[in-house]
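> One structure, as structure tokens, below. Some questions next.
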Amino acid sequence: MDALFVPLASATGASLDQIKLISCLLISYPLGSVFIRIPNDKHNLKHLFNVVITLVYFIPVLNLWTGFLQLLLDVVATYIIADRVKGSSMPWIVFAFAMGHLTLNHVIRAMFQLSYETFEVTGPQMVLVMKLTTFAWNVYDGRRPAEDLDKWQKEKRVVQYPSLLTFLGYAFYFPGILVGPYLEFVDYMNLIDGTLFKALEKVDEEKRAALTIPGRLVPRGRKRVAYRKMVMGLVFLGIFVVFGGQYNFSIAVQDGFVSKSLLYRIAIYQLCGFFERTKYYAIWTLTEGASILTGLGFTGTGVNGETRWEGAANVKVWTIEFAPNFKVLLDSWNMKTNVWLRECVYKRVTPKGKKPGFRSSMITFATSAFWHGIAGGYYLTFIFGGFVQTVGRLCRSNLRPLFLPADFVEVRGGPAPPQTLHKKAYDVAGIVLCIFVLNYLAAPFMLLTVKDSILAWSRLAWYGHWIVVGAIAFFYLGGTRWLRRKQAARVKKAGGNATGRTSGTSTPRTGVTLPPLDDIAKEMEKIEFVRNLSN
């Protein structure tokens with residue numbers, strides 16, 4: 001089938017594999033509309049539909065015969081292990097098998113020096129690893145007493161073991177098999193039998209008629225949202241095709257780059273960062289739209305009665321590009337992987353009755369790193385990201401309260417702080433700093449090698465390190481105490497009480513200040529850090 005895609009690849013300048021991948025994502029749109037028309041009581045037909053379409057994608061289109069067989073091996077092995085092994089070791093056996101196989105393929109990819117324009121098995125396998133390990137934990141939770149489970153575990157546990165065809169349908173759910181999003185088994189089954197839309201049955205008849213398609217309990221608005229996602233994805237794809245070849249992080253390692261002024265180098269790198277991200281925006285938005293057409297992602301109705309489809313999202317583009325702080329930014333990137341790391345690694349390696357700590361964080365860190373691959377650039381990004389997270393927390397605890405009203409008490413889940421002029425100025429500064437640090441931080445992730453990463457950073461005058469290390473030095477060489485004295489003075493002047501949690505701060509500390517590495521260890525104990533390790 002390559003002859004069908006060669007003219008398009010030649011016309012666009014993209015690789016043949018890239019054209020095939022995008023074509024599969026686009027073909028998933030009309031196929032999604034076919035899938036949702038299969039009656040809800042025809043479960044096996046829906047499972048079979050997923051398997052057949054995935055077979056077509058992998059074999060005649062992508063020519064990944066052996067790749068599909070490897071994925072099938074992972075699926076069947078997980079199915080057998082989860083069924084036969086009854087003890088607490090079962091999820092770890094599945095985890096070791098799936099991650100071990102993925103890491104082996106990462107090594108093979110590195111040995112053959114395959115470029116990222118080549119689409120091969122590791123991409124789909126990364127998605128499948130999340131599915132299989134999550135399923136194993138869901139089955140294990142289904143065998144435990146309900147009182148031992150938290151909310152997520154109760155909602156996602158698998159009590160009745162599925163048939164092999166059902167499991168194959170879940171593993172090879174066609175809109176998400178190539179680049180995600182991954183989904184839990186319970187959510188897949190809710191999609192298959194229509195339980196996902198059962199909440200609409202509780203709506204009065206007149207309103208339900210306005211919200212659903214006549215004769216079927218399928219919410220309206222699905223196509224409108226899905227095809228809007230498709231258009232957005234194609235726009236991002238077009239931007240990447242037109243500008244990505246010229247403006248990307250690799251320009252920093254080209255000989256001519258160093259001859260430019262430092263200001264130009266830093267400025268152009270910000271532009272390169274956006275164009276680098278557009279390829280991810282494109283594929284994740286395209287696959288989200290295709291998933292929505294199958295019915296996945298329905299999250300109820302909005303305040304104006306419109307149907308909402310946010311459950312299949314893997315990225316929030318606007319929030320990333322205009323994030324006021326790094327936590328908001330990273331919470332909006334690769335969102336499904338964040339859930340997987342939190343629920344299937346971070347919580348699971350924590351001993352019962354204890355809070356997650358440094359050990360849990362480091363194991364999760366290692367999992368995220370190996371899941372991405374073995375390139376040294378990944379580890380440079382992750383390690384430096386730990387320092388960035390530390391600075392973000394220090395700013396939020398010590399600097400941000402000075403830009404909020406002194407009498408404002410910030411409570412998790414409570415009202416947002418008032419958008420005063422000072423708060424808006426703080427947020428604008430945060431947006432600028434976030435994007436500058438993000439583009440610096442992400443360079444090794446795209447350049448892959450340690451040599452190229454160090455060269456790129458050096459040609460940017462190490463500006464990201466100056467920002468982050470300078471901030472840590474400020475906070476730990478007296479800045480924290482000074483800022484907290486300022487906070488206490490503002491509270492006292494406003495007639496408030498400096499004790500307690502006011503505007504996200506606490507009473508100024510006394511005594512010896514911890515060195516940065518100790519602070520990083522404390523930061524990694526927080527779940528906010530772990531949820532973002534995949535980025």
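Each residue, glycine too, has its Cβ placed from N, Cα and C.
Nobody curates TrEMBL annotations by hand; they come from automatic prediction.
Straight from TrEMBL, here's the annotation block:
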TRANSMEM  48-72  transmembrane segment
TRANSMEM  92-112  transmembrane segment
TRANSMEM  160-183  transmembrane segment
TRANSMEM  230-249  transmembrane segment
TRANSMEM  369-388  transmembrane segment
TRANSMEM  428-448  transmembrane segment
TRANSMEM  460-483  transmembrane segment
REGION    494-513  region 'Disordered'
COMPBIAS  499-513  compositional bias 'Low complexity'
> As a test: from 48-72, 92-112, 230-249, 428-448, pick the stretch that has the greatest number of Cβ pairs under 8 Å with the transmembrane segment (369-388).
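It is 428-448, which has the most Cβ pairs under 8 Å.
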> Below 8 angstroms Cβ to Cβ, which residues of this chain, lying six or more residues outside the transmembrane segment (428-448), approach it?
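Residues 248-250, 252-253, 266, 269-270, 272-273, 276, 321-326, 329, 375-378, 380-381, 384-385, 388, 456-457, 460, 463-464, 467-468.
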> Which of 48-72, 230-249, 460-483 has the most Cβ pairs closer than 8 Å to the transmembrane segment (160-183)?
48-72
